[in-house]
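First the structure, in the form of structure tokens, and then the observations on it.
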Amino acid sequence: MKKYLTMVPLLAGAALLASVGASSAAGKYTIGISNTVQGNGWREEMVCAMKAQALASGEVAKLNIAHRNTDAAGQLEDIRNLISAKVDAIVVNPADPAGIKAGLEEATKAGIVVVAVDQAVTEPSAYIISNNQEQYAYLGAKWLFGQMGGKGEVFYMRGAAGASADSDRDKGFKKALAEFPDVKVAQEVFTGWQQDQAKQQMLSFLATGTPINGIWTSGIDNVIVDALVESQAPLVPIVGADNAGFVGQLSSVKGLVGAAVTNPGSIGGAGVTLALQILDGKKPAQQTVLVEPQLWENATDEGKAKLKAAADPSLSPEWPVSISIPDWTTYTKDQIVACKGPGE
Amino acid sequence: MSYFLRRQGWVFGLFVLFVALFIVTRLIQPAYGSGDFGSLVRAVLPYAFAVAAQTVVVIAGGIDLSVAAMMALTSVTAASMMAGASEEYALFVVPFVLAIGLVLGAVNGMLIVVTRVPDIVVTLATLFVLQGAALLVLDAPGGAGAEWLKALISGTVPVPGLPDGIDAWLPKALLLLIVCVCIIWIPLRRSRLGLSIYAIGSSELAAFRSGVPVARTRIIAYALSGLFAAFGGLALTMSTGIGAPIPGPYLLASVAAVVLGGVALGGGKGGLLGPIVAVFVLRLVRTDLTLLAIDPNVTAIIEGAIMVAVVMFGAFITMRGRQS
């Protein structure tokens with residue numbers, strides 16, 4: 001008998017949870033979201049953009065968000081749970097382009113619209129909306145090598161090994177490198193897109209005393225400027241992303257020459273918009289939609305003006321300042337900052 | 001019956017908890033059916049092997065922190081060997097990778113026995129070594145899995161004469177798990193070696209004085225742990241079709257399931273069934289949290305709270321049982 005005592009609090013808890021689940025807001029669709037990096041500014045903005053766009057569209061009744069740190073096998077589990085939850089569409093930022101193919105295929109078979117954001121996937125039935133990562137790296141690297149006078153050593157701070165966004169950026173970086181034969185890579189590191197790790201790597205590199213003429217970062221940028229300033233190292237030209245902290249530094253840190261390349265985390269909102277369009281029967285002409293990046297630098301007056309217009313100190317320093325994408329997102333700044341989805 | 005209940009009380013309680021959770025899941029999502037159960041088992045598979053690997057060494061009075069790194073290394077080895085190779089070649093890859101696990105596990109055990117450095121330190125060191133080795137094999141997720149290997153865990157087991165309605169509840173992944181675990185565990189449990197593993201975990205000195213070869217038994221326990229971890233690595237490649245060099249969240253999950261499964265962390269007590277049922281419980285909790293669309297930042301807290309609550313409640317029941 002004692003054994004059955006276990007069930008009493010459990011069933012009570014279940015009843016409570018079930019009553020929470022039953023509440024719903026206006027709108028007709030349920031959208032599932034799967035993301036496998038938690039605690040990263042860019043990814044948090046992406047998730048908030050998804051929530052804000054779902055709310056602003058008025059078409060979404062409920063979001064089912066699976067958002068945790070895990071691997072491709074864990075993402076498969078999340079995707080299959082979302083299939084069990086009978087969502088109408090799944091917007092996914094893939095942990096690996098090939099590793100979640102089986103899950104996405106099952107979702108499509110179950111009649112669920114699958115949209116991959118930020119990075120490509122190998123499953124042919126999935127729609128992809130992503131920032132053009134190859135162009136992202138090419139734009140920034142080309143500008144950087146030009147600033148370096150076409151020669152010297154560059155510290156190459158990549159993202160996470162194996163992420164398709166990282167391998168695409170590597171292609172763009174190598175393309176620019178081929179155009180400047182006198183530029184050499186002093187060292188190549190994977191930051192894992194982690195702020196603390198990248199700063200540590202920068203400090204270790206500075207400790208070696210190797211001279212460098214430029215730093216290319218895969219978007220972990222403001223901590224690199226901090227590391228240089230703190231250790232009173234010479235401020236070489238730096239390329240980063242349009243994170244609020246870095247964009248602010250480009251205007252405020254004396255002697256810093258750098259450029260921010262846009263990589264809007266709001267692509268998550270665009271993914272929700274694309275999913276809703278497909279659900280409403282408006283399929284895009286191509287499976288893959290690319291959003292083109294822009295470059296804002298502080299070496300010219302024109303660039304400085306752009307940076308000034310873009311700077312937004314009210315945002316968290318790790319959030320990209322491009323919090324919306326024209327034609328794709330309709331939420332307001334307050335909505336994305338509030339980070340509330342439908343029914344919250 | 002009461003003897004069985006006393007011996008397997010914890011496992012029985014966990015099983016009741018699983019069934020209760022399953023009913024809760026059906027309440028939340030009435031359409032939750034056999035296909036979804038198949039998904040659950042596939043999600044369980046790598047965790048189940050990780051927890052099996054951990055359980056064997058914990059029963060022997062040790063701990064293995066290198067489980068997840070071992071899975072990553074065996075997974076990338078399998079995926080990189082099978083990439084571009086023929087389907088038949090995989091018949092060679094599978095035993096080869098399992099042998100790697102067995103050998104690396106034995107190396108763990110030998111280091112502990114020979115150097116007398118505490119197991120937690122040795123396996124922490126091998127965690128880093130294996131993690132680096134995995135990155136040497138594949139510096140980024142990639143490789144491929146043989147189609148027949150992937151097919152081993154997709155779909156259901158066709159049992160002739162069984163109605164489709166019941167057959168649908170027998171996913172191949174479940175059969176694979178049961179077969180792989182039973183082939184190793186049941187003969188082991190019934191052998192002198194199995195008894196020795198429990199003995200050294202219970203009291204090393206008493207076991208030594210009774211003539212148990214303590215060093216050899218410990219090495220074998222770690223070797224078996226490596227073998228189970230290699231199964232886990234293969235399970236990862238089977239489900240994703242690739243190998244990923246960065247270890248997944250399997251180390252802490254394996255320790256959690258060992259505790260929840262009624263295995264004493266001090267060693268010498270518990271079995272393999274409890275921790276595996278515990279894995280099913282933990283994965284189903286994750287499913288329910290997704291189905292309920294709970295705020296993702298809260299889910300981790302809930303998962304942890306449920307674990308502590310169940311273990312505390314179990315300890316309370318056991319204590320009451322002893323008093324009466």
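First residue shown is number 1, and so on along the chain.
Glycine residues also receive a Cβ, built from the backbone N, Cα and C atoms like all the rest.
Pulled from TrEMBL:
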- B:9-28: transmembrane segment (TRANSMEM)
- B:40-60: transmembrane segment (TRANSMEM)
- B:67-85: transmembrane segment (TRANSMEM)
- B:91-113: transmembrane segment (TRANSMEM)
- B:120-138: transmembrane segment (TRANSMEM)
- B:169-188: transmembrane segment (TRANSMEM)
- B:219-242: transmembrane segment (TRANSMEM)
- B:248-265: transmembrane segment (TRANSMEM)
- B:300-319: transmembrane segment (TRANSMEM)
Ranked first among B:40-60, B:169-188, B:248-265 for CB pairs under 8 angstroms with the transmembrane segment (B:219-242):
B:40-60
Counting Cβ pairs under 8 Å to the transmembrane segment (B:169-188), which of B:9-28, B:40-60, B:120-138, B:248-265, B:300-319 comes out on top?
B:40-60
At a Cβ cut-off of 8 Å, and with pairs 6 or more apart in sequence only, do we get at least 3 pairs between the transmembrane segment (B:120-138) and the transmembrane segment (B:67-85), yes or no?
yes
Could you pull out which residues elsewhere in the chain have a CB under 8 Å from any CB of the transmembrane segment (B:300-319), counting only those six or more residues past its ends?
9-10, 13, 17, 256, 259-260, 262, 282, 285-286, 289, 294
Count the CB pairs under 8 A between the transmembrane segment (B:248-265) and each of B:9-28, B:40-60, B:67-85, B:91-113, then give me the winner.
B:40-60
Long-range environment of the transmembrane segment (B:9-28) - Cβ separation under 8 angstroms, sequence gap at least 6:
260-262, 270-271, 273-274, 277-278, 280-281, 284-285, 287-288, 291-292, 310, 314, 317-318, 321
